[in-house]
Amino acid sequence: MRSRAAILYGYGHPWTVEEFELDPPRAGEVLLQLSTTGLCHSDEHIRRGNLAPPPETLRSLGLPTMSPTIGGHEGSGVVLEVGEGVTRFAPGDHVVTSFIAVCGQCRWCATGMEYLCDTGDGTLAPGMPTDGTFRHHSLDGRDLGHVSKIGAFAEHTVVSADSLVKIDQTFPLVPAALLACAIPTGYGSAARRAQVRGGDIAVVIGAGGIGTAAIQGARIQGATRIIAVDPVEFKRKSALTFGATHTAATTDEAVETVRELTRGVMADVVVGIPRHDRPGRRRGGTVADPQGRNLRAHRSAGPRDALHRRRSSRLRADE
């Protein structure tokens, strides 16, 4: 069949919206009609080439390059067709995509460590996870990769059944797309990795999509004080509607707020979103108490300097 997608032909190039040819699903695969796709900063990292070795290095090793590729990984849609052996999905099912494919059955999946599942190997490499071949092709006959084995910047895509999660059909598909990346990243950063507990004082640095989800994670886990830090006024106001109890425009301002709220003990948890953690600004670790839990929720494109303070736990959401 023929569909349309935003395709990247080289690092640093713009996304090009054009038609492409899509093969039917094979064994273990699903044909999906996308309803909504979120824009994640990872997409910009991919466009810039930050998440892959240089193409010339891959070619010298006899390995395929990431481009040309269809972008996008944060999507929701409706199943149109299933391949042989697919029993968990049927035409008409509403689904969201999974950034990393997981089998749901191995030891790692059964113990809550799906990120170690072998099914997700080579997430950013081109080709289908089922057999390594391609279902997406340009009109001039070239094979197209699809980011995270999903390619959500398309009207239709073929993915492994292990890259999908079924949702209730009463849940609106537009906001459901956020369940594919932003919400679990932010919520999981606070609730799972940083392990916010009842009574904690939590600071979330950056109140965009991921930060807002982290605020909700801290609220649901029972944090009694949640300080949202962001230089943008409307984001600070929005944070209050999602569960923040206090806001600050800068980390320096947050330090003073937390010091006053805790009588100098400082915060139990700090979750940092990287664009707000820059040289010259006071580090998130300064906000935490000496045994506080500090976490950066992101996929870094540069040096991995962590938020820290003496004896503080140092965690990363993408580890």
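One is the number of the first residue shown, and numbering goes on along the chain from there.
Every residue, even glycine, has its Cβ placed from backbone N, Cα and C.
Since the structure is predicted, the reported quantities are computational estimates derived from the model, not experimental observations.
Marked as domain 'Alcohol dehydrogenase-like N-terminal' by TrEMBL: 27-168. Restricting the average to the domain 'Alcohol dehydrogenase-like N-terminal' (27-168) gives a pLDDT of 92.
Residues or ranges marked as domain 'Alcohol dehydrogenase-like C-terminal' in TrEMBL: 209-271.
For 273-319, the entry in TrEMBL reads region 'Disordered'.
Annotated compositional bias 'Basic residues' per TrEMBL: 295-319, in sequence order.
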Task = Run through the domain 'Alcohol dehydrogenase-like C-terminal' (209-271) and tell me, per DSSP, how many residues are helix, strand and coil.
result = 34 helix, 13 strand, 16 coil
